[in-house]
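This is the structure I want to talk about, given as structure tokens.
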Amino acid sequence: MTKRNNIHFYYHNCEEIVNKLEPLFELVNKHDFNIVDNHEDANVIISIGGDGVFLEAVRKTGFRQDAIYAGFTLGNLSSLYCDFSLENFNDLLETISREGMKVRKFPVIKVQVNGLRPFYCLNELTIRSTIVKTIVLDVFIDERHFETFRGDGMVIATPTGSTAYNKSNKGAIIDPLIPSYQVSEISSMNNNNYRTLGSSFVLDKSRKLTLKEIEDGNDHPIISFDNEAFPIRKIDKIEITMDDTVVKTVRLKNNSYWDRVKRMFL
Ligand code: NAP
Ligand code: MN
């Protein structure tokens, strides 16, 4: 394996952040690392900011399978992906320069809209109504009709995304060691015309979920991949699967998934 020594920092280029980066860069230069501007030349990608910035960093660099990702926070400890700060940055650098370093692998979902090029999501896919009217979705599991949903929308979350939007909709928190994805409802209507399960459900990695929109001519759904909106007018079908693609992150003592969940919520 080539030496893991090229770091790309991903951050929002604003004065407030840039002013705080000097000590970070100094530490990097003390170790045997190069800071590279182009992420394609990097084998370590470090986001600076919160979880939202980490999600962006992974998406904008194309879910690199040959790179390690890490999240650096400038203060907020209530964060799922960002468990490095100036306090433990040395540990991070020492760990990633070690051969045989252990990595954590976060499963991601693969989403194909209308048969177009697939996209990966680290947190979740959502389909939501953008107007006061509801949307209607036919839900299929492995091509078999499961339910017809009517309401504000649905969230299809990865294990690490389960602590985000999914949790706000009463979804469970899933251990990322379980390669699976979870479907949660956003305000479903339940009556004699429309009936949904009413609870979240978790699908095994090997299953395929298909959502088909039932249009009535006055529906305006929006699709999101993590924190990015996917601009599309007409949704025929959305297919969700899970392959072997993962996001690799640095594994240190005291930063297990459940340590982070405790730190965030308890
Ligand atoms: P945002 O509106 O700033 O995010 C909302 C909050 O979710 C932020 O505090 C963010 O942390 C946090 N977050 C992101 N990923 C998380 C995760 N895996 N576990 C726990 N918390 C997480 O937008 P954003 O920062 O770009 O993040 C996008 C995410 O926001 C979406 O992927 C979605 O999960 C979530 N979201 C939640 C709701 C809701 O709960 N009602 C609605 C819309 C979107 P930081 O402050 O550290 O960035
Ligand atoms: Mn944010």
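Just so you know, glycine gets a Cβ as well, placed from its N, Cα and C.
Copied straight from TrEMBL:
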type	residues	note
ACT_SITE	D51	active site, proton acceptor
BINDING	D51, G52, N123, E124, K133, R150, D152, T163, A164, Y165, N166, K167, S168	NAD(+) binding site
For D152 (NAD(+) binding site), list the number of other Cβ atoms lying within 10 Å of its Cβ atom.
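For D152 (NAD(+) binding site), the count of other Cβ atoms within 10 Å is 18.
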Reported as an integer number of Å, what is the Cα distance between K133 (NAD(+) binding site) and D51 (active site, proton acceptor)?
31
Relative to the Cβ position of S168 (NAD(+) binding site), how many further Cβ atoms are located within 10 Å?
11
Work out the three-state DSSP category of D51 (active site, proton acceptor).
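In three-state terms, D51 (active site, proton acceptor) counts as helix.
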What are the non-local neighbours of A164 (NAD(+) binding site), defined as same-chain residues 6+ apart in sequence with CB under 8 A from its CB?
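Listed in sequence order: D51, L80, N123, E124, A157.
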Radius 10 Å, atoms counted are CB only; among the binding-site residues N123, N166, which position scores highest?
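Buried the deepest by this measure is N123.
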Measuring Cβ to any atom of ligand 1 with a strict under-6 Å cutoff, which of the binding-site residues K133, D152, N166 qualify?
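Qualifying residues: none.
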Neighbour count, 10 Å Cβ-Cβ cut-off, for the residue listed as 'active site, proton acceptor': what number do you get?
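The Cβ of the residue listed as 'active site, proton acceptor' has 24 Cβ neighbours within 10 Å.
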According to DSSP, does D152 (NAD(+) binding site) sit in a helix, a strand, or coil?
strand
